[in-house]
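This report refers to the structure that appears directly beneath it.
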Amino acid sequence: MSFAELLERTGGMGRFQITQVALMCFPILLMASHNLLQNFSAAIPDHKCKANDTWYQSNNTDRMGYVRLSAPLDADGQPDRCLEYVEVQWMIAGTNRTWANSSQLATRPCTEGWEYSKDEFNSTIITEWDLVCGHKNRRQLAQSVYMGGVLVGAIILGGLSDRYGRRALLIWSYFQMAVSGLCSAFSPNYLSYCIFRFLTGMALSGIGLNTTALIVEWVPTRVRTITGTLAGFSYTVGQLLLAGLAYAMRDWRWLQLCVSLPFFIFFLYSWWFPESARWLVLSGKTERAVKEMKKVAKLNGKEEEGEKITLESMRSDMIKELACAKSSYTVIDLIRTSTIRRISCALSLVWFSTSFAYYGLAMDLQNFNVSIYLIQVIFGAVDFPAKIFSTTAMIYVGRKFTQLMSLILGGVVILANSFVPHEMQTVRTGMAVFGKGCLAASFSCVFLYTTELYPTVIRQSGLGLCSTMARIGGIVAPLVKILGEYYPFLPLVIYGGAPIISGLCVFFLPETVNKPLPDTIEEVEKRIKAPKKENEMNEIVSLKKKEGMKENPVNDVL
């Protein structure tokens, strides 16, 4: 009897599993908010050089008149946001003269700071620390620092969970998220903000990895797809929730508090979660595993079945799992054989490009000239049909085709969007939304596809590699936006080209629909080579038939 059958005996998808999954989905709502938080907390309001109050008051000039006299025009014919004249051009006061000769006048960066519009935001980190003009790239850097924390968290907290358990690391991650998020809200300067956001990113990885592990290891195999989809939809709802919270909280510090304080509640009730019995057995803690299984059986109303579980029965039921645990495998096994190496290379590119393009679009909402709150809702809502389509296509068409089409179609749409004139904002927004939906479908597919491609003995290592590549994509994505300052079309070309290239690499991956999960590397190698041998045999038989027909004169007549 396997551990999956043992779970069915103790209630299957019972009251305990339903309660646990529900409680773990609440934090996922706010994980989406933290990932996309800088769309609002680091939004850039309209701004201009701050007026010298003493000068324009003493000269009987209103504020707009002062701006006209003190700032040159930019390429769009508007007062420049970053430059001012060295000397105020008082000679054009009270006239209709323009800045025709402004290029010949001496200018300098704003000396008094900046004035920011409060039409949409009361306060952001941009207005707090003047992250504009010469410091504007710090906005993208802050998001990359956060994604760097997500990467480091995946490496450190993911590894520690295999040593100290999923439950302990999940509890710690909730606490770290609450504290670091709280500290971010009270950051006195940009440097401390980046440090606390880095720690927040680490905690987010710990929550994501250990939540997934506890859900998967406590629910029966038959409902894993459903619970995984539920978690995915929770993330999507979280994107809609962020738009509502940001609309209500126009101050970035209050918004940061709003998405961080609930993690103290999650931290408190997470002590109720039991440790993964599967992990306990594989870690040699069978006695505690028996206690946890009995507790779960009791909660599911299967107390009699729980009493039948003993140390001996638990060990005998998990012989296969224990045998796999005793085998020694390392990250090197991900590239040791030709087939696994091909799978690892292709999946690494798929994960990188999906995350890279996804966050490149999702973190650039202000460029659509639409209400940032509305576009956040639209970008979040498109994930619902995308994930429904992806799930349906995976079942009826297959994983390979779904993955390939979602990447190539998304990449082509994003690439084409770079050629649409900026005046056609409705078309540009619609294409961006469609492209983001394709990438959401890709994310939904690649999680399951990766799990099915890697054998049991190196599955966690494979997922770890792919997760790392996705984090690197998330780190690089904001930095590519900086190129747009020099070549406006270039970011979309890069965001669109990456999914197309990775989509072509999917051609080299095998189909996994309706096939049992492989347990060993040898099993994967045989599964790939078997169809090739079968095709070779069919070709040989076909050639022999043709040769036989040529040698037989009756066949020639016929």
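Each residue, glycine too, has its Cβ placed from N, Cα and C.
Each residue of the topological domain 'Cytoplasmic' (1-15) gets a DSSP state, and the totals for helix, strand and coil are 8 helix, 0 strand, 7 coil. Annotation source Swiss-Prot lists topological domain 'Cytoplasmic' at 1-15 (among others), citing sequence analysis.
Within the chain, the transmembrane segment (16-36) has long-range Cβ neighbours (under 8 A, six or more residues past its boundaries) at 174, 177, 181, 200, 204, 207-208, 211, 214-215, 218-219, 227, 230-231, 234-239, 241-242, 245, 259-260, 262-263, 266, 269, 272-273, 296, 299-300, 362-363, 376, 380. According to Swiss-Prot, the feature transmembrane segment maps to 16-36 (among others), an assignment based on sequence analysis.
Taken from Swiss-Prot, the feature topological domain 'Extracellular' covers 37-140 (among others).
Feature annotation from Swiss-Prot assigns transmembrane segment to 141-161 (among others).
Per Swiss-Prot, the feature topological domain 'Cytoplasmic' maps to 162-167 (among others); the stated evidence is sequence analysis. Confidence across the topological domain 'Cytoplasmic' (162-167), taken as the mean pLDDT and rounded to a whole number, stands at 81.
Using a Cβ-Cβ cut-off under 8 Å and counting only residues 6 or more beyond its ends in the same chain, the transmembrane segment (168-188) has close neighbours at 27, 34, 153, 157, 160-161, 196-197, 199-200, 202-207, 210-211, 214, 253-254, 256-257, 259-261, 263-264, 266-267, 270-271, 273, 275. The transmembrane segment feature in Swiss-Prot is assigned to 168-188 (among others).
Residues annotated as topological domain 'Extracellular' in Swiss-Prot: 189-197 (among others).
Taken from Swiss-Prot, the feature transmembrane segment covers 198-218 (among others), and the record attributes it to sequence analysis.
Sequence annotations record features per position, and here Swiss-Prot assigns topological domain 'Cytoplasmic' to 219-225 (among others) based on sequence analysis.
Annotation comment: Swiss-Prot describes 226-246 (among others) as transmembrane segment, evidence class sequence analysis. Long-range Cβ contacts of the transmembrane segment (226-246) within its own chain (Cβ-Cβ under 8 Å, at least 6 residues beyond either end) map to 21, 24-26, 28-33, 36-37, 39-40, 211-212, 215-216, 219, 255, 258-259, 372-374, 376-377, 379-381, 383-384, 387, 391, 440, 444, 447-448.
Residues 40-42, 120-125, 128, 185-186, 373 of the same chain sit 6 or more residues outside the topological domain 'Extracellular' (247-253) yet have a Cβ under 8 Å from a Cβ within it. What Swiss-Prot records for 247-253 (among others) is topological domain 'Extracellular'.
Taken from Swiss-Prot, the feature transmembrane segment covers 254-274 (among others). With a threshold of 8 Å between CB atoms, the same-chain residues lying at least 6 positions outside the transmembrane segment (254-274) that come near it are 20, 23-24, 26-27, 30, 33-34, 37, 40-41, 167, 170-171, 174-175, 177-178, 180-182, 184-185, 200, 214, 218, 242, 245-246, 292, 295-296.
Counting same-chain residues at least six beyond the ends of the transmembrane segment (343-363), those with a Cβ under 8 angstroms from any Cβ of the stretch are 36, 38-39, 143, 147, 334-335, 379, 403, 407, 410-411, 414, 432, 435-436, 439-440, 442-443, 446, 449-450, 453-454, 462, 465-467, 469-474, 476-478, 480-481, 491, 494-496, 498-499, 501-503, 505-506, 508-509, 524. Per Swiss-Prot, the feature transmembrane segment maps to 343-363 (among others).
The feature topological domain 'Extracellular' is assigned by Swiss-Prot to 364-369 (among others), with sequence analysis given as support.
Sequence-distant contacts of the transmembrane segment (370-390) (same chain, at least 6 residues past either end, Cβ-Cβ under 8 Å): 32, 36, 39-40, 43, 120, 229, 232-233, 235-240, 242-243, 246-247, 361-362, 402, 406, 425, 429, 433-434, 436-438, 440-442, 444-445. Look at Swiss-Prot and you will find 370-390 (among others) tagged as transmembrane segment.
Long-range Cβ contacts of the topological domain 'Cytoplasmic' (391-400) within its own chain (Cβ-Cβ under 8 Å, at least 6 residues beyond either end) map to 225, 229, 441, 444-445, 448-449, 452, 506, 509-513. Taken from Swiss-Prot, the feature topological domain 'Cytoplasmic' covers 391-400 (among others), and the record attributes it to sequence analysis.
Residues 7, 16-17, 20-21, 24, 27-28, 31, 34-35, 145-154, 156-158, 161, 166-167, 169-170, 172-174, 176-177, 180-181, 183-184, 224, 227-228, 231, 260, 273-274, 276-279, 296, 467, 471 of the same chain sit 6 or more residues outside the transmembrane segment (198-218) yet have a Cβ under 8 Å from a Cβ within it.
Scored by C-beta pairs under 8 angstroms, the transmembrane segment (489-509) has its highest count with 401-421, from the stretches 141-161, 401-421, 429-449, 463-483.
Residues 39, 43-44, 375-376, 379, 425, 428-429, 432, 481, 491 of the same chain lie 6 or more positions beyond the ends of the topological domain 'Extracellular' (364-369) yet place their CB under 8 Å from a CB of it.
Away from its own ends, the topological domain 'Cytoplasmic' (162-167) comes close to residues 210, 213-214, 217, 270, 273-276, 279-280, 283, 460 of its chain (Cβ-Cβ under 8 Å, at least six residues beyond either end).
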